[in-house]
Amino acid sequence: MKPENKIPVLTRLSDEMKAVVNFQQPGLPPWPADGDIETQRQYYLLERRFWNADAPSMTTRTCAVPTPYGDVTTRLYSPQPTSQATLYYLHGGGFILGNLDTHDRIMRLLARYTGCTVIGIDYSLSPQARYPQAIEETVAVCSYFSQHADEYSLNVEKIGFAGDSAGAMLALASALWLRDKHIRCGNVIAILLWYGLYGLQDSVSRRLFGGAWDGLTREDLDMYEKAYLRNDEDRESPWYCLFNNDLTRDVPPCFIASAEFDPLIDDSRLLHKTLQAHQQPCEYKMYPGTLHAFLHYSRMMTIADDALQDGARFFMARMKTPR
């Protein structure tokens, strides 16, 4: 699609979103577009420090969990001594960027709003690690904590998954992997999904949206996919193209959040319509005036905080519902 045919989203953003787009962090160098992947990872970590500041204080603990691929670092956020459930968080970053520090504030706020222990999983990044390694690491982490719950003062009778962007795909894929492989790590009471990608290769929103402002041009999306997958056949795998999985039965309740001007919004719309058509419990909410990744910007955007609280309310409601 010719760039001039795309919707001029920068003129249609909310005032809060415009303020974020126009915000210049003092002393922050430009994005190293020609840098290697490690340089870009370090820049992303540096750029996210501002957005992670002033997060709620609570007890945290770091734990290295053994997996078939080696130890994976996890971070436990415990807002109170006892917890009614455990929520596993998978960070976004296109499978190639991000870690527990880049999403620290998001996890702290989720822990505060749910009152539950949140466990961030620092899964191995692509292209060094390819599909399905991140999913298998996540499942191994869940299995480990289900077997060592008392040691970490966890309630793993009720668990959930949450994630943003690529992390949302990993969250839903991991829950489906547990179901499909008959692995029990606790009762999955809810999945919280913020602006994820779920397997579409093309869509109206991918044609109309995406640019330098969000790092989600068609070329960007192709690059993330090629870094993550082992080969072209993986595109059709039911744990990558989740629409090729069975979404007609036993899907845990899903909170599906999208950003209005996100090229990935049609993934969320299709997921919601599919689950709804098959009477699978779900809730969909679109946040007007926003771009992809807006969840990071709760220091300046009240709607980002609203989106986190909406997900937390969904999760807490499922804690009280027998399943």
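Numbers here mean position along the shown chain, with the first residue as 1.
Every residue, even glycine, has its Cβ placed from backbone N, Cα and C.
What Swiss-Prot lists as active site is Ser165 (among others), and the listing cites sequence analysis. Close to Ser165 (active site) in the fold, though at least 6 residues off in sequence, lie Gly92, Gly93, Gly94, Trp194, Tyr195, Gly196, Leu197, Leu264, His292, Ala293, each with a CB less than 8 Å from its CB.
All chains included, 28 other C-beta atoms sit within 10 angstroms of the C-beta of Asp262 (active site). If you look up Swiss-Prot, you'll see Asp262 (among others) marked as active site.
According to Swiss-Prot, the feature active site maps to His292 (among others), an assignment based on sequence analysis. Other Cβ atoms within 10 Å of the Cβ of His292 (active site) number 24 in total over all chains.
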